[in-house]
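Participant: Have a look at this one before I ask anything.
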Amino acid sequence: MACQARLLNGGPYIPYVPEDTCRAWCDLATSLGISDIDVCSIDWMAPVNWRAIAGDDKGEYTTGYKGDHDQHNGGNFTGAFMPLWAGYLLVCGFGIMFSIITSIMTYGGLVLSSENFNTAGRNIKTGPFWYAAGATIQILLFGILAIEIKKKAPNMHTFLEMVDIRWGKAAHLTFLFFGISTNLIVTGMLLQGGSAVMTACSGMHPVAANFLIPLGVVLYTWFGGLKATFLASYIHTAVIMICLVVFITYVYAVPGDYECDALNGLCTSGYKSAECTEDHTKQCEALGSASILWERLAFLTALPRMGAATPEGGLKGAVGTNVVNMRTDCFFSNGTKCSTGSDYSVFDSGMPATIKCGCPDATPWLAGESVGCATGYNSATDTYSFDHPAGCYHDGDYHHGPVCDNRGGSFITMLSMDGLMFGIINIVGNFGTVFVDQSYWQSAIAARPSAAHKGYLLGGMVWFTIPMALATALGLSSLALNVKMPSSEAGAGLAPPAAAIVLLGKGGGIMIVLMLFMAITSTGSAECIAVGSLLAYDVYRKYVKPDCTGAELLKMTRYGVIFYGCVSGCFGTCLYAAGLSDDRFGLGWVYNFMGTMIGSAVWPVAACILMPRMTAAGAITGAWGGMILAIVAWIATAATRCSNGMDPDDECAGADSFDCDTGTLDIGTLGNLKAQLAGSLTALGASFILSELVTAIQLSTGAAKLFDWEIMKGIKRVELDKDLGVPDEEMSDEFLGPAQKYIFKYGMGYTIFLIFIWPLAVITWGVFTKSMYVLWASVVFMWGYAAAFAICVVPIWESWDTISAVLTCKKTTVKADA
């Protein structure tokens, strides 16, 4: 074993991990069967400060809340690895660049009409586990709706036109509310994550980021409409997939430098002994294989949980909470070492110049020590300085000990109660953000019939790899690399950039920023054009000027895009302000809440195009009644949670963690997973029951009758533009019938596989052994490379004629074949 070789050699040891600590860790690693890593090459008691690696290493601790950074960040490290001007250039410059690119790409003699702006000519071709699967099945199943649109409502522009012609004004206004709410929630989450990363990486103020990110999106959406969105989205997605491949390769295939290698006696043999000694006094901050990642996580969960044995104290006064530095080298001025050699705390007892150092069993506490954690205090700046380069730690910075409610306390298992609850919440919420989001309907409308059914299948399977690969690579790496990651930062979505920066330095951070910005602008553009279409067709044309012209609709859509960009900035700022008042309100809170808010609209909207029996009263009752009952269930369950948001029966919390006071409604209790689960399930379930019950009563009493699908074909286009390059046979029943059977067969098949067969197959694995996890990681690794190839190469191959025409400045020749 590597750590035993270090002990046999008598060192060298990395700073702050002396021989006795190394020996204890080595014994623990031996009992766990760890053989690939040297546990003594990592200072497990000093989590890696990714913000310091990013470049802002001030080496001080701010006792108050200063700026926009958490007070427990181990020094006032902002993590800003790029200058502020570069952040502004990235956010603003990309919008201008893509405006130019998409304007050039849409060249070819095409005059933008409202039809082309909102539907792209209806000739567009294919373009950790529960999160990936829960957000994939909706895309797979939406392909069924895409074919139904071609059969039943080929002229529709928005899904609300379909609702209006079938169910009337009341239903139209009802689902207009749910549609806009969905767009706001999706955009709000994008801005929450985007502004948090831009603030952390460039120092940009979150409010500025919330307004400037939509600005770039609005620019190129204004110029090119939906086709510009698709063209830019290809570039965005290609960049995302290339970065993803780099990350999974670094995690699973690129080894660390010499400091991560076993000693193998080199330091005592005289062969390169100086270099060997120097290399092996550095901490190993790399992975390189799935087995190494597994061993690091196994060792991390075997270490004792931090905080339980912390002495009373901590940095008091302005902080008001424990700040723990779990070091192994706490010495007093007389040279005596802490007898336990494991835990100590420092605190200011009202006299800033007097720093106390002690251990749980060291009595009395000794005063006046300038050793250990804090060695100096500056009253002018209200900061402490430290002799240890990593500074002090809050117990929330650690991830030691078993994971609550996971089988065996392991990070690597499918048997996780929290994971299962999140999976259900995720599935319900993403049904809402797909089925009730106009951007998905707009893509289905724009898709060519021959590409729609296969395109959604391919898109779903490619999408799956993004969260799946990032979760198993960067998500787990942030834990395995012992990255300093308080829950507030993790909730803000900073785990991926933190892991990327530790692995690849500033370059990794830049790649994450690019990935994030590409994802935000791609989805943000789709949301802008979606809301612009809703405002033009379902507000202006429906209620203001029914006889409007195509030119007027085009103008209103563009105005709608600008308007929604401004609203998005305001909404993102409101979410940021809510997070300032309570740091428990973050991206994760909003993400889990979306099922409660919009889940009740899923079944009525799907039934509108699938089921002739659903009545207007049934759809309206299901949507509003489901949402009201969901909110009641959410609040009622939250009131039974502990005042700090935890569960009353949480045995993992520790005996000294809290006294459970129930009956409080605040951000913590309302964000509890069980409360959010109750709301999400009630939204979907109650909506289905109420809508079906009302429909059954109306049909049985003769108050309603089955809907005639031919009525939907009465939706009229304002401009009679012919769909570019779409032959008449593709719109025939002879073509659409087999396509419908294809998407139903494979869409349902893949859904069953992802939600039931795959999880059930690995449940029997319990806690994944090393070989099991290597198999899991290998599947993800190969899937990532295959998806990257598909998303980068297939669209170019399909659209080569158009690309060639643009490159040679020729007009495209419209083809009627596939």
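Yeah, the Cβs are placed from backbone N, Cα and C, and that goes for glycine too.
Below are the features I grabbed from TrEMBL:
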TRANSMEM  85-109  transmembrane segment
TRANSMEM  129-149  transmembrane segment
TRANSMEM  170-191  transmembrane segment
TRANSMEM  203-223  transmembrane segment
TRANSMEM  230-253  transmembrane segment
TRANSMEM  411-436  transmembrane segment
TRANSMEM  456-481  transmembrane segment
TRANSMEM  558-578  transmembrane segment
TRANSMEM  590-610  transmembrane segment
TRANSMEM  617-636  transmembrane segment
TRANSMEM  750-768  transmembrane segment
TRANSMEM  774-797  transmembrane segment
Participant: Taking the transmembrane segment (230-253) as the first stretch and the transmembrane segment (590-610) as the second, find out whether 3 or more Cβ pairs fall under 8 Å, excluding pairs closer than 6 in sequence.
Facilitator: no
Participant: Hey, would you say the transmembrane segment (203-223) packs against the transmembrane segment (411-436), going by three or more CB pairs under 8 A that are 6+ residues apart?
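Facilitator: Checked: the transmembrane segment (203-223) vs the transmembrane segment (411-436), no contact.
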Participant: Ranking 170-191, 411-436, 456-481, 750-768, 774-797 by Cβ pairs under 8 Å to the transmembrane segment (617-636), which is first?
Facilitator: 170-191
Participant: The transmembrane segment (170-191): which same-chain residues, six or more beyond its ends, come within Cβ distance under 8 Å?
Facilitator: 159-160, 163-164, 209-210, 213-214, 432-433, 436-439, 519-520, 523-524, 527, 530-531, 534, 538-539, 542, 564, 567-569, 571-572, 575, 587, 590-591, 594, 597-598, 600-601, 604-605, 616, 619-620, 623-624
Participant: When you scan the chain for residues with a C-beta under 8 Å from the transmembrane segment (558-578), skipping those not six or more beyond its ends, what do you find?
Facilitator: 117, 183-184, 187-188, 191-192, 195, 206-207, 210-211, 213-215, 217-218, 221-222, 524, 527-529, 531-536, 585, 590
